[in-house]
Structures are given as structure tokens and as C-alpha cells.
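Record features, source Swiss-Prot:
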type	residues	note
ACT_SITE	HIS310	active site, proton acceptor
BINDING	208-227, 290-293, 412-414, 437-439, CYS454	NAD(+) binding site
BINDING	CYS318, CYS321, CYS342, CYS345	Zn(2+) binding site
DOMAIN	183-468	domain 'Deacetylase sirtuin-type'
Amino acid sequence: MNILLMQRIVSFILVVSQGRYFHVGELTMTMLKRPQEEESDNNATKKLKTRLTYPCILGKDKVTGKFIFPAITKDDVMNARLFLKDNDLKTFLEYFLPVEVNSIYIYFMIKLLGFDVKDKELFMALNSNITSNKERSSAELSSIHAKAEDEDELTDPLEKKHAVKLIKDLQKAINKVLSTRLRLPNFNTIDHFTATLRNAKKILVLTGAGVSTSLGIPDFRSSEGFYSKIRHLGLEDPQDVFNLDIFLQDPSVFYNIAHMVLPPENMYSPLHSFIKMLQDKGKLLRNYTQNIDNLESYAGIDPDKLVQCHGSFATASCVTCHWQIPGEKIFENIRNLELPLCPYCYQKRKQYFPMSNGNNTVQTNINFNSPILKSYGVLKPDMTFFGEALPSRFHKTIRKDILECDLLICIGTSLKVAPVSEIVNMVPSHVPQILINRDMVTHAEFDLNLLGFCDDVASLVAKKCHWDIPHKKWQDLKKIDYNCTEIDKGTYKIKKQPRKKQQ
């Protein structure tokens, strides 16, 4: 494979990517800019230390005949990603690759960008032709290869179909790098976070189920969560209980389990109060919550500062005439496993379903043969079901907020549901991003990961800032000490220190 083929690789990637992150034109790349995004000296353009030298020439083991991969560190990956973002694609490939390459080099570029192949057949083919050498540097491996060049060491060991797959995987890796922010190089400690928190004026807070689990509200997607508890219902997909089409056809599917997700009234966690504290200090730009429990309102977060991305139990509406009432008005129906019915559609419903005789229990509304949807005149909580559009307020506010925020804090969320999950890539790259969660979110690049229970992390941060959280448990929480263990650069495990036994 020679420089001509490498140019074809560039052309292929550019053409495949047309309309996404690159455009064709003299083999140049233009990254899509976010509107009015600031250019900042804090942007991640600082080159990191690396042992590798470029272009990297892969050596071959004279005994096994396998290509030898040098060790690729996290700094090497960051360096390559920064270079790709700062330069056009042609420059990137010419800098990191020698003039003559084979498909093994394409795989090396995929690894250098921090990715790997997923195709099992391709992975096995690569494995049979590659060995790693963690001790030798790129320069040493280069000298090994140079001695063997006369032996036609660059003959491609992979089949053509494998080479094509590798080129496509490299294109995907490049697209992923260009569409994802990189970590800020000088923001990776709790002290960096607290210093920024004290000075921030427009904090964007994105919350998920983890902020409510301390109150006994299940996280739908956890192993002990709601979805695992309703598998006995025999649904093909547990998420079907929140499917709009299924609700319209048979609302009893939802109302058979609605009591399990009914939020507690007038309760909220210390984490909710932490957000309220940010609001009271004039620091909160907006809290975007994916939760439907409406606990933010109980904590005192102003409606103007709150966007319930997936709706909530705060209100309920008739699916037929759209009459709306406060959500708490149907809580008793939910607890009694009853269908909450609209008084304005009730008489018509009785005509359509005479067998019910006005009875609104869930069981009596399951097996009607009427062509009219069983949801006629039924009140539905104004939460966003699968198949429904997000509330219009989300789209109206997020466009402005992502450009104004000076700090993003994601709390108790796995960021698996779009479009909310895309917020982290919409915020300007110079804005620090913090994750407070029980587990890592590996598909996003947070500058700081604080892993632990949300209430514990919020208490630790408040104490370090010398702030008081306006919650009834605060006096007890402020007495607790925490262990902060750095498990990786920018990643800390937060745990309560065990209390000393009184003698």
C-alpha cells in the first residue's frame, strides 16, 4: 500500500463523511462549529507528553512474523485526538503515518484514537498478525522495521474485505473524535471544581434517576430498578409500559404498575436541596431533569429555573379532550389501581363501553371489543412516553442555555437517552464538565468524575465550599467525613468514612 492508496483512504473517509463532519474540497476537513462558540485559551489544545515518535513505523517480530505494536498510553490518545481536532484530516494522516503503509497501520490509527474494532472475524484476523511490545519505544521498533524493509515486510497480511472494514472503522473513529469534546487539560481535581463553582454564575445542571434513589424511588435501568421488577408482567420489553401506542390501545398496562413509580409527596433529597442552594446563590442557570417525579418543585426550585425534559406527574391530561388537572388529583386513582377518567368525556365513554357500567377499575377495562380506543376519556400523567415528542420548552431553552452556561454538572444520569444525552456535546468545549454519579459514563468526556452516592458528593462539595445545604438532614450530613480516592486522572471515588466506635 503506497501514498496513492493512503490518499484514496483520505478521499474515502471524506466522501463517506460528507455532510457530517467533513466536506470534500482539496482533501480538507472543516469541523462543524457550534453557533457563536467562543474561542478560548482554555480549549484543549495543549500537547501532552508522549513516548511515541511520528510517523510511527511498525516493526516485525523476526521469529513470529507478527507486527509489533508499541504501547499506546492515554496521553498518546489525547495527543492524537488534539492533533486531529486542530488540523485537517490530510495533515493528520500524513503526520502520523509513514508514506508506505498496509492495513495494520489503519488499525494502529484506530487504536491511537482510543478505539478498537468490534467485528469478531476482523479482530481475530488482526490478532493473528499483531503482537504488542510494551517495553520498546516507537523509535526502537522503527529501527527493527527499517532493517527488514528489503524483505517486503509491507505486504498486507489481511484480506481485502478486512482492509475495507478497517477503513470504515477508522472513519467512524474520526467522526466520533470530531463530534465529542475533549477533556480540559488543566481541570481534573476537586479543588478545580470547587474554585470554579464559587465563581460560576450560570451553571447548567443535568439530573437523572440517581438524584432520587436515596428516597426509595427506583432507577428504571439499574439491576434492582423498576424494569427488573416488572418482568413478571410478561412484556416483551419492560419499557412498553411507557409506550404511547400501547397506552392508547390499553391504558391498563400502565395503570397496573403506575403505583410503583408514583413519587412521594413533599419529599426531596439533599441533592435536590444542593441545586436549590445554587439557585439561592444566583448561580443556577437551569436544571434540566430527566426525572418524572417532580421532586425539584418540592425542593423549591423555581419553575423558570426548571426544565422537566421528560414531563412529570405534576399535571395530568385527558388523552381525548386534553382537559388538564394537577397531577396529585389522580394519585388516589393510581394507588387504587383505577383508571382516572375525564368528567367531560365520561358519559360518552359509558356509551362506548356499556359493559363497564361506569366502573373505572383497571381490570374491567382490559378486554373490550369496541373499535374505540380503550384510552377514550382516560387521564394520562403529562410525562413523555416513548413515541412522544419532548416538551417544547426543552427545545426553546436549551439552544440559549448551552451558549450562556459557564459550568455543566451532570448528576445521577447514565446519559443513555437522546436528545438529553447530547447536551454534553452541545456545550462549548471550553466550559468545564463534571459528572457526579455512582458509575462512570464512558461514552462522554467529563473533565472530572466524582463517583459515589449523589447526596454524599453534594455534601462533600458543599463542605469544601463552606456552604450550607438547605435540607433538614444537613446538620447531620455536615458532621460526616469522606474518603476521596483518586482511581484515575480526573476520577475520584467518594465514600463516607466509617464512624469510629465509641469506647
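Any Cβ shown, glycine's included, is placed from N, Cα and C.
Secondary structure from DSSP puts CYS318 (Zn(2+) binding site) in a beta strand.
For the pair CYS321 (Zn(2+) binding site) and GLY412 (NAD(+) binding site), the C-alpha distance works out to 36 angstrom.
Take the CB of CYS318 (Zn(2+) binding site) and look out to 10 A: across all protein chains shown you find 21 other CB atoms. Each of the binding-site residues GLY208, GLY216, GLY412 was scored by the other Cβ atoms within 10 Å of its Cβ; the lowest score goes to GLY216. Neighbour counts of Cβ atoms within 10 Å were compared for the recorded positions HIS310, ARG438, and the top value is held by HIS310.
Note: the Zn(2+) site is recorded as CYS318, CYS321, CYS342, CYS345; in the same chain, VAL319, THR320, HIS322, TRP323, LEU341, PRO343, TYR344, TYR346, GLY377, LEU379 also have Cβ atoms within 8 Å of that site's Cβ centroid. Using a 10 Å Cβ-Cβ cutoff, CYS321 (Zn(2+) binding site) registers 13 neighbours.
Close to SER212 (NAD(+) binding site) in the fold, though at least 6 residues off in sequence, lie PRO263, SER269, ASN291, ASP293, LEU295, GLY412, each with a CB less than 8 Å from its CB. Close to GLN290 (NAD(+) binding site), meaning Cα to Cα within 10 A, are none of the binding-site residues out of CYS318, CYS342, CYS345. GLY216 (NAD(+) binding site) sits 20 Å from HIS310 (active site, proton acceptor), counting Cα to Cα.
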